[in-house]
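As recorded in Swiss-Prot, the features of this protein are as follows:
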BINDING   D49, G50, N51, L52, N53, K68, R122, Y123, I124, D260, P261, E262  ATP binding site
BINDING   N51, D243, R370  substrate binding site
Amino acid sequence: MAAAAAEQQQQGFRPLDEASLVAYIKATPALAARLGGRLDALTIKEVGDGNLNFVYIVLSDAGSLVIKQALPYIRLVGDSWPMSRERAYFEASALQKHRALCPDHVPEVYHFDRAMSLIGMRYIEPPHIILRKGLVAGVEYPLLAEHMADYMAKTLFFTSLLYNSTTDHKKGVAQYCDNVEMSRLTEQVVFSDPYRVAKYNRCTSPFLDNDAAAVREDAELKLEIAELKSMFIERAQAFLHGDLHTSSIMVTPDSTQVIDPEFAFYGPMGYDIGAFLGNLILAYFSQDGHADQANDRKAYKKWILKTIEDSWNFFHKKFVELWNKHKDGNGEAYLPPIYNSSELLSLVQKKYMTSLFHDSLGFGSAKMIRRIVGIAHVEDFESIEDASKRASCERRALNCAKAILKGRRQFESIEQVIVHVQSFDRD
């Protein structure tokens, strides 16, 4: 431990606490300027409720910002699980890249210090809250589906071979290959550990012990998850956020901001889309655990289902519109001299989007399963105090996810998926 700490100091890294953070800000003009230069009465709050990092909100009477520092281990576990600090570089660059493509929904980066693994960025001010917390509280966000569809369509289309030359695409892939440690973490916790006995797996025991064992013994499920894992590892389709769940999104009724892309890499588009949709389905199944006499949550559950439906349909529409607009550009996936009629292009688009839809359903289901029988669970369920009630909600979600994952190619529309989800919403 001491040797590791000494090596980090030689590299210019030191974990900041509130006192040393103030000194760091004073010595960094790009950050001091955001606080109006008034640095003698700062309010600092550590809010890192994630699994990996320290996150500080810094307020002065003239400005605000957020400081995020990556630690050399997984915060959720401790220094027994080391983790590269370079993830901060990939997060900062991903925020900058995605903001250039979708400025309405990605916060600005003010400062990045690679040696310190530190990002200074916009403080996404109240009344913004983490979307997952809003879903637990039963808050409706009327623009969420359209905003997320816009974000996903732009970030995925403009970083794919539908828009870019092979040369430019390969350069992007090469830049983010070094974020392999984060991708390997995903491989382990999403595609491997839930399907075997693993040290950090947990479930709502004893209620779900048999359910977790059934996942580990399900041969058909393992065949399907192996296919998804291969796609995740091998298919550099577009530049992904890499962790696009409902705790990576901050919202108000009229604003949506996507944060925390430290898992960013080039991978299958369906992984981002599925992460978002799968977490909405988890939120749906959790609602009965949050219902009370004042609010049975039935109307809210309908809103969640409508949001899932709209998110895919808006995304499909926006993505194909971008494709049509740029079909004669530099993209090398479908060269205009070959796909030279509207009829042929329409056939290509239908096949492409159907495949993407099925990928999204598969990855979304995998993300649901890992949140119930794997390492990192979600507040949607964890905040249900009655363990028996929590397990009942989780079991419905788990059974739904397994069925969608196995049968994803049978679905022809998101509306069919919604009907399928509802069929599992009973004991």
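Any Cβ shown, glycine's included, is placed from N, Cα and C.
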Query: Reported as an integer number of Å, what is the Cα distance between N53 (ATP binding site) and D243 (substrate binding site)?
result: 14
I124 (ATP binding site) to R370 (substrate binding site) - Cα separation in whole Å: 29
- prompt: For R370 (substrate binding site) and P261 (ATP binding site), what Cα-Cα distance in Å is obtained after rounding to a whole number?
  reply: 19
Query: If you count the other Cβ atoms within 10 Å of each Cβ, which of the binding-site residues R122, R370 comes out on top?
result: R370
Message: Can you tell me how many other Cβ atoms are located within 10 Å of the Cβ belonging to D243 (substrate binding site)?
response: 23
Task: List the Cα distance (Å, whole number) between P261 (ATP binding site) and D243 (substrate binding site).
output: 6
Task: Please work out the number of neighbouring Cβ atoms within 10 Å of the Cβ of P261 (ATP binding site), leaving out its own Cβ.
output: 26
Message: Comparing the binding-site residues N53, I124, which residue's C-beta has the most other C-beta atoms within 10 angstroms in this structure?
response: N53
- prompt: What's the CA to CA span in angstrom from D243 (substrate binding site) over to R122 (ATP binding site)?
  reply: 20
